[in-house]
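Novice: Copied straight from Swiss-Prot:
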- Asn2: N-linked glycosylation site (CARBOHYD)
- Asn13: N-linked glycosylation site (CARBOHYD)
- 58-239: domain 'PNPLA' (DOMAIN)
- 90-110: transmembrane segment (TRANSMEM)
- 93-97: motif 'GXSXG' (MOTIF)
- Ser95: active site, nucleophile (ACT_SITE)
- Asp226: active site, proton acceptor (ACT_SITE)
- Asn307: N-linked glycosylation site (CARBOHYD)
Amino acid sequence: MNNSNTDNIIIINDSEPTYNLEDVINEIGDLLEDFDKIIDQYKQTIDQMVKKPKYVNLVLSGGSIRGISHIGVIKKLIDEELLDLSKMKAVAGVSAGAMLGLLIVLGFTIGEIWDFILNLDTKKIVDPDFMLILEKCGVERGRIIYDLIEDILTSKTDTKHINFKQLYEKTGIHFTVVGSCLTTKDVIYYDHINTPTFKVSVAVRISIGMPGFFTPIDIGGKKYIDGAVLNNYPMNLFAKELDKTIGILICNEHNTNYKYFEEYFMAIINLFMYNYFEKTCHQYADNTIYVKKAPENVFIFNFDLDNNTKMKLFEYGIEAAEEFIKNKFDNK
């Protein structure tokens with residue numbers, strides 16, 4: 001019996017495999033699509049772990065000493081995780097709102113701001129001189145507040161005369177201070193874009209310059225006064241980002257019971273501005289927290305506040321924020 005030499009031979013096909021280029025491209029595309037989905041899921045997981053605040057832009061109206069209520073509103077928004085001061089993109093402030101806005105931009109926490117207000121002897125930040133009224137059109141030069149602003153700037157930036165460009169480079173927050181030019185009748189928006197080399201301290205001093213009380217600021221022969229006169233609520237600056245913007249408006253009640261000259265004086269000013277601001281307030285109602293309540297002993301030129309009164313203003317701010325949250329979120 002003859003054994004064939006081929007019985008135990010294994011034949012191997014060593015020819016090159018063939019691939020369809022179109023199929024390979026499709027497979028690569030599918031892999032990339034799956035990879036993108038994985039990345040998206042990962043991002044969603046991270047976002048859930050690190051919750052983003054709803055609002056990153058903040059608008060703060062004027063309101064004189066009643067601006068303390070802003071702090072209560074902000075505290076409530078932070079507690080509800082609607083706002084995070086460490087993640088702000090932009091802050092626009094007028095008058096008292098400009099002062100508070102500066103503290104926020106400089107990185108103060110809401111607790112630090114509240115402690116600052118409680119420890120501040122408000123009656124010592126003004127030194128009225130009624131002999132100035134005829135010569136300077138005001139009774140208070142605002143020097144004490146101006147020096148306070150520069151001390152605060154120095155403590156956080158090491159630069160007393162810091163300008164808007166420098167402040168933006170340090171903080172990354174778009175800070176806008178609103179002023180009014182009495183000479184040209186123009187509203188002025190001080191920020192790192194429009195006025196990059198303008199001193200922040202001067203802009204805030206201009207913005208808090210309540211007519212009739214603080215003397216106007218003269219720059220180059222032009223007079224500058226309180227930003228609230230021409231735009232007390234600059235929500236218009238964020239018209240394209242309303243979904244990310246929240247504003248706080250300190251409302252003046254329009255009544256006919258004038259106990260002080262200051263109330264009578266402000267009622268006249270409010271009468272001139274009433275129609276304009278009524279329209280503005282309603283236009284941005286969905287983005288506005290209205291603070292309507294104030295203690296009876298608080299009026300615009302009264303800087304002598306005890307801590308009990310400050311606390312009431314703070315609590316009225318919290319109440320206003322609670323009402324806003326209830327109407328906007330809880331009822332949906």
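The backbone N, Cα and C atoms fix where each Cβ goes, glycine too.
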Novice: Long-range neighbours only, meaning 6 or more apart in sequence with Cβ under 8 Å: which ones does Ser95 (active site, nucleophile) have?
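Specialist: Correct list: Ser61, Gly62, Gly63, Ser64, Gly67, Ser207, Ile208, Met210, Asp226, Gly227, Ala228, Asn232.
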Novice: Minimum Cβ neighbour count within 10 Å among the recorded positions Asp226, Asn307: which residue?
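Specialist: It is Asn307 that, of the recorded positions Asp226, Asn307, has the fewest other Cβ atoms within 10 Å.
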Novice: Would you mind pulling the DSSP three-state label for Asn307 (N-linked glycosylation site)?
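Specialist: Going by the DSSP assignment, Asn307 (N-linked glycosylation site) falls within a helical segment, counted as helix.
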Novice: Just to be sure I understand, if DSSP states are collapsed into helix, strand and coil, how many residues of the motif 'GXSXG' (93-97) fall in each?
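Specialist: Helix, strand, coil within the motif 'GXSXG' (93-97): 2 helix, 2 strand, 1 coil.
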Novice: Mean pLDDT, the motif 'GXSXG' (93-97)?
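Specialist: On average, pLDDT over the motif 'GXSXG' (93-97) sits at 96.
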